[in-house]
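Lifted from TrEMBL, the feature list:
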type	residues	note
BINDING	ASN107, HIS112, GLU117	oxalate binding site
BINDING	HIS110, HIS112, GLU117, HIS158	Mn(2+) binding site
DISULFID	CYS33-CYS48	disulfide bond
DOMAIN	62-212	domain 'Cupin type-1'
SIGNAL	1-23	signal peptide
Amino acid sequence: MAVRVSLLAAALLVAVSCFHATASDPSLLQDFCVVDKMSKVRVNGFPCKDANDAMVEDFFFSGLHMAGNTTNKQGSAVTPVNVAQIAALNTMGISLARIDYAPFGQNPPHTHPRGTEILTVLEGSLYVGFVTSNPDNKLFTKVLNKGDVFVFPQGLIHFQFNYGTKNAVALAALSSQNPGVITVANSVFGSKPSIPDDILAKAFQVDKMTVDRIQAQF
């Protein structure tokens, strides 16, 4: 009986280990795996081109010194540096983003389905926060100043708001080559085709006219 319990425990440990191993970006099995943009092969990620065809430009991006255009409804701009910008990030499990905020601008509530985010304020101050999953939905918030760092766990809804009268800048690192982003309002009210009014009205406990007014913004 003891042997069976031990074997079961070992099997569970292996299963859990395998689950965690497959729950993140693929690990490197060679020095690098530069994206082959011409390949028609479809894999979870991107196929590699021949290492002999790799160029230094595959490992390079220039532009994070430039401020993003914040003249939009949210007053913010995200400049991503993921596998789409640096082909050699394929299989490396990391990426970056510069985020610019106009005075009273925000990076609205959103999630990254494939990556944890660690954010550093470079200029200005930000009010940031994230919400835990159901059923608690606990809000964690903090005011960050220049040099402060904050972590947003993978998949949780989070936001940043520049409550100051000057521009703010932050640098975010993410634990995925392609972390993805789901902006809550855009997804719910700006889907194509639209989610039916009666569903949204019931979900948010408002009337259909309110839903229509919100959807018109997206």
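From the backbone N, Cα and C atoms, a Cβ is placed for every residue, glycine too.
For the pair GLU117 (oxalate binding site) and HIS158 (Mn(2+) binding site), the Cα-Cα distance reads 10 Å. When pLDDT values are averaged over the domain 'Cupin type-1' (62-212), the model yields 97. Look at the Cβ of each of the disulfide-bonded residues CYS33, CYS48 and count the other Cβ atoms within 10 Å; the largest number goes with CYS33. Just so you know, of the binding-site residues HIS110, HIS112, the Cβ with the fewest other Cβ atoms around it within 10 Å is the one at HIS110. The Cα atom of CYS48 (disulfide bond) lies nearest to that of HIS112, taking the binding-site residues ASN107, HIS112, HIS158 as the candidates. Reported as a whole number, the C-alpha separation between ASN107 (oxalate binding site) and CYS33 (disulfide bond) equals 32 Å.
Around GLU117 (oxalate binding site), taking its Cβ as the centre, 22 other Cβ atoms fall within 10 Å, counting all chains.
Within 8 Å of the centroid defined by the CB atoms of ASN107, HIS112, GLU117, the record's oxalate site, lie the Cβ atoms of ALA97, HIS110, THR111, LEU119, PHE152, HIS158, ALA172, LEU174, PRO179, VAL181, excluding the listed residues themselves. The shortest Cα-Cα distance between CYS33 (disulfide bond) and any of the binding-site residues HIS110, HIS112, HIS158 is the one to HIS112.
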